[in-house]
Structures are given as C-alpha cells and as structure tokens.
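*Asks:* Handing you this structure, nothing more for now.
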Amino acid sequence: MQTYSLPQSNPDSVVLLQITDTHLFANGSGSLLGVATKDSFHAVLNGVDTAARHFDAIVATGDISQDHTPYSYQRFADGISRWSQPCFWLPGNHDFQPTMQSILPSEQIKPHQQVLVGEHWQMILLDSQVQGVPHGEVSAAQLALLETALARYPDRHALILLHHHPLEAGSAWLDQHQLHNNHQLWNVIDKYPQVKAVLCGHIHQNLDRIYHGVRVLATPSTCIQFMPDSDDFALDDNNPGWRYLELTHDGRIITSVHRVDGDQFKPKLDAEGY
Ligand SMILES: Nc1ncnc2c1ncn2[C@@H]1O[C@@H]2COP(=O)(O)O[C@H]2[C@H]1O
Ligand SMILES: [Fe+2]
C-alpha cells in the first residue's frame, strides 16, 4: 500500500476540506432534479474562497460523477485546480472507476488510500462501491488494508473515509443503500481505539453522531440535499455545502458544515427519485 505524507502547516492541527457528491456531467448544463451540478459545484468552490479559511488538503468522498464520463472527472479536477492543496478521493456508487482513474496521474489528485496527516494523524480511504447498485460493501481486501494501516501506526489518531454511511441515518429509503456489511467494518474499528471518526458522503445531509464510541460524520452534497428522517424519498431545500475538519494534535476533531447563499439551487422538491 502506497502511503502519502501530508505535511503539517500548523503545529497544533491539520485542516481538511470535504467536498462530496458533486454528481458532475460532461455536459456543462447537466442537472440532477433541477440543480445544474456544475454550477452548484462552482458555487461551493466560490463559497470556500469567500470563507477564505485555511485548509491543508481536500477530501472528495465519492459520487464525483453522475454520467461516468472522463470529462465529468476532468470537470472536478479543473474546478479544484484553483487551489494548490492536494486532493484525496474515493469512489461512490455512481462513480465508474476506470474513467475516474483515466484522468490520473494528476499533480493534485492523489490515488493513495493511506495518508499520514501531519505528525499525529492518519487517514485511510476505503472503496465501498458495489458496481451497479446504490448500496455499499467493504471487501475483505479493503478490510485487510484498513487493519494493516491501523496496526502499522497505533500512535496516530485515525480518520476513516468511505462513501457509504456505516449506520442507520434515519431514512428507510436511504438506509437500504447504506454499507451493507457495516458490522464487519465496526468489528475492525472496535479493535483499534485510535480510530476517532468515520467520514462519509452519500446521504446528502449533515450527520454528526457517536456510534461504537466513534464519531460518524456525513456532509451535504454540492448539489441536491436529502430530507433527514424521511422514510420515503424526499428532497430538502437546504443549500449545497461543504465541511471543514480540524484534526488537533491531541485527537480532537473540530468540524463545521457551511452552505452557499441564495436560492439559485433549489431542486424540484416534488421529485420522487433518480
Ligand atoms: N426514490 C428512490 N428510492 C430509493 N432509492 C433511490 C430513489 N431515488 C434515488 N435512489 C437511489 O438512492 C441513492 C442515494 O444517493 P445517490 O446519489 O447514491 O443515488 C441515489 C439513487 O441511486
Ligand atoms: Fe451516493
């Protein structure tokens, strides 16, 4: 397993910017349930620039593309190229890995699944995609990779990233698409007390819970948002957003979700799915 070392710019902490579920198309006017995803992605990029908060790296937690085209991934790469910070990404259920990888190698987007983050943390990016279906699973190989990385660095606080939510979020229509073998992931995590959090995308909403003594975080999409705690499919009129995670030297995570302003990206709220 290749390991990337991300230097620490501040002695007390490292800051990650999470962008997720961009659902980009090759066609610049491609839209998902009424939201033009390139425009909403760029509105999030501009929002990050307006916030002008320092971050050391970008993590993109899947569903980068909606149409599987190489150019949809190139649109993502072009969008973040305004920044010099490295980006670490992983696949969601909508991604097509051969075209996702077709735009690599890239100066900025790194293929690494293990990242030593500053002096005190590591992050491990897992592939939970099951080709052709919305739900996720972590394979035996991915679980072995996780266990190897955790066993190798017992003194580094650990952040685990994957696309699919590893617990019930509270919406039946969506929880059928969670990580189906999450018990196997939790069996590994339960053995390694240095795991501080699991960070995911997929549910297109802000989630912040403690499960098995570990913080589980999910983040709004850069396009459409799902209504929390709704057993049937329902969109939320909350705006597109992003998350900062500050990883402190003593193992704490200080995190916040931010959203674009205005009402340019209101979806077709009566949509019944896609
Ligand atoms: N009405 C629906 N009922 C169940 N699943 C849906 C519905 N609409 C969309 N989905 C799937 O649920 C997934 C959750 O978010 P995704 O962006 O991964 O893509 C979504 C679709 O694959
Ligand atoms: Fe998804």
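Numbering starts at 1 and runs along the chain as it is shown here.
Placed from the backbone N, Cα and C atoms, the Cβ positions cover glycine too.
Below are the features listed in TrEMBL for this protein:
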- 16-205: domain 'Calcineurin-like phosphoesterase' (DOMAIN)
- D21, H23, D63, H204: Fe cation 1 binding site (BINDING)
- H23, D63, N93, H94, H204: AMP binding site (BINDING)
- D63, N93, H163, H202: Fe cation 2 binding site (BINDING)
*Asks:* Using all protein chains shown, find which of the binding-site residues D21, D63 scores highest when you count other CB atoms within 10 A of its CB.
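*Replies:* The residue with the densest Cβ neighbourhood is D21.
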*Asks:* Restricting to the same chain and to sequence separations of six or more, state which residues have a Cβ under 8 Å from that of H94 (AMP binding site).
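*Replies:* Correct list: H23, G62, D63, S65, Q66, H68.
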*Asks:* Running a distance check here. Ligand 1 versus the binding-site residues D63, N93, H163: which have CB less than 6 Å from one of its atoms?
*Replies:* D63, N93
*Asks:* Do me a favour and check the Cα-Cα span between H204 (Fe cation 1 binding site) and H163 (Fe cation 2 binding site); whole Å is fine.
*Replies:* 11
*Asks:* What whole-number Å value do you get for the CA-CA distance of H202 (Fe cation 2 binding site) and D21 (Fe cation 1 binding site)?
*Replies:* 7
*Asks:* Quick one: pull the CA-CA distance for H163 (Fe cation 2 binding site) versus D21 (Fe cation 1 binding site), whole Å only.
*Replies:* 9
*Asks:* Between the Cα atoms of D21 (Fe cation 1 binding site) and N93 (AMP binding site), find the distance and write it as a whole number of Å.
*Replies:* 10
*Asks:* Could you work out which of the binding-site residues (H23, N93, H202) has its C-beta surrounded by the smallest number of other C-beta atoms within 10 A?
*Replies:* N93
